[in-house]
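K.L.:
TrEMBL lists these features:
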type	residues	note
TRANSMEM	42-64	transmembrane segment
TRANSMEM	112-139	transmembrane segment
TRANSMEM	174-195	transmembrane segment
TRANSMEM	201-222	transmembrane segment
TRANSMEM	286-307	transmembrane segment
TRANSMEM	358-376	transmembrane segment
TRANSMEM	409-427	transmembrane segment
TRANSMEM	436-455	transmembrane segment
Amino acid sequence: MFPTSVIAHQLGSGLHGLGVGAIGFDWSSICSYLGSPLASPWFATANVAAGFAIFIYAIVPIAYSTNLYNARRFPIFSDELFMSNGQKYNISAIIDSNFHLDMEAYEREGPLYLSTMFAMSYGIGFACISATLVHVSLFHGSEILRLSKSAFQENKIDIHTKIMRKNYKQVPEWWFLCILLFNIVATIFICEYFNNELQLPWWGVVLACVVAMSFTLPIGVIRATTNQAPALNIITEYIIGYVYPGYPVANMLFKVYGDVSMQQAVFFLQDFKLGHYMKIPPREMFLAQVVGTLMSGVVHLLTSWWLMNTVPNICERALLPAGSPWTCPGDHVFYDASVIWGLIGPRRTFGDLGHYSAINWFFLAGAIAPFLVWLAHKALPQKQWIRLITVPVLLGALSDMPPATAVNYTSWVIVGFVSGFVVYRYYRGWWSRHNYVLSGALDAGLAFMGVLLYLCLGMEHISLNWWGTDSDGCPLASCPTAPGVESVGCPLY
């Protein structure tokens, strides 16, 4: 309808814009970042929808239209890193042979710039961290203290725990401690032995473990009550970026040990909770987790190695054909983060030496928001819906954006609304019998079809080209709108 309008393309693009009216029918695009919408309670889905709407339809457009941080020189949505003139940043020019920052080259190239949505998403991430701590303290603090005390009082054990202890042997604590100590010692040894390559010193491993342990409880509480888990990656990047700047590989490792280990702990707790209520023997559950983790690590490593050696130009967007599935959006953002937080460092981006320093005020905003909700709940206790406003979910759902795009969220919210509100309210019997079975079937079918399509078509280099796989029809969505900024395929303002 508006083939030459950059604004129209920015509004309508679900991949590179605000995604107004954009929806997707591919289950992998729906559940790839937020999990299955069928397994999300409606109040959590509503929080995600509200956070997404405020961010994508208010914060980002206002920041872009007011040219905040020279926003119009860059695409409204992009995970690329830019120079002040709107051109892509040449990272290779500022890194030396040892993967350290070359300060002279950096001074010559100039500071790093981000797209509007990328910069604002970091601000939302800052707010989510403080909001999580404040929300859990206000709404669950007394309950956590009460349950912590009752855990040592045998006379207050619930019926499920009594049944489990009566019928099954429990997992000894020393099993967990042995695995923990072994992995910490092994990680420290590897980081010290290969320090020239991995860059992370032994104290970085210890600090990452402390961060993971500190956030497991608050993140676990949010996960248990909403089926959504705020991300911890930004705070780990922030900490090591300030403490140990100029080392991108060390930053990535610290994030993995601090964030991914916490996520894995929460998933394991989730499994044990399921096993507790399903009366699955704890020791069998423990062994399944250990064996599954070992198998997963080996399979992921071998698969990644195989793909890197068999798929030409994998993850190289400029060299891949249009519509290629090997663009690696998550890995691209992971790399960008290593540059922003590790190589250049937060001080030169979000600190006193950077031009995004004002974004740190999001920490304060995130801490205040749950407090306002708590005050409203105390003032109006009869309004039960106020307590369902979960600021960490409202903010944390956006932590995957980018690499997640607008169409991932709009589709997820629509499916979640149909399942959690419409079907649950008007077809409760069907929902009770089939909702979670359908969710599992869609997830399993997606995994099987992914393998089948690759074996049958991908290995033979056969691609299915039709209108449903031809991007989103908005090629100008990635164009800048500032006067004088040139970009290939874009009109010049």
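Including glycine, each Cβ sits where the backbone N, Cα and C put it.
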K.L.:
Among 174-195, 201-222, 286-307, 436-455, which stretch has the most Cβ pairs under 8 Å to the transmembrane segment (112-139)?
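P.N.:
Of the candidates 174-195, 201-222, 286-307, 436-455, 201-222 scores highest.
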K.L.:
When you check the transmembrane segment (42-64) against the transmembrane segment (358-376), do you get at least 3 Cβ pairs under 8 Å, counting only pairs 6 or more apart in sequence?
P.N.:
no
K.L.:
If you count Cβ pairs under 8 Å, which stretch among 201-222, 409-427, 436-455 touches the transmembrane segment (174-195) the most?
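P.N.:
It is 201-222, which has the most Cβ pairs under 8 Å.
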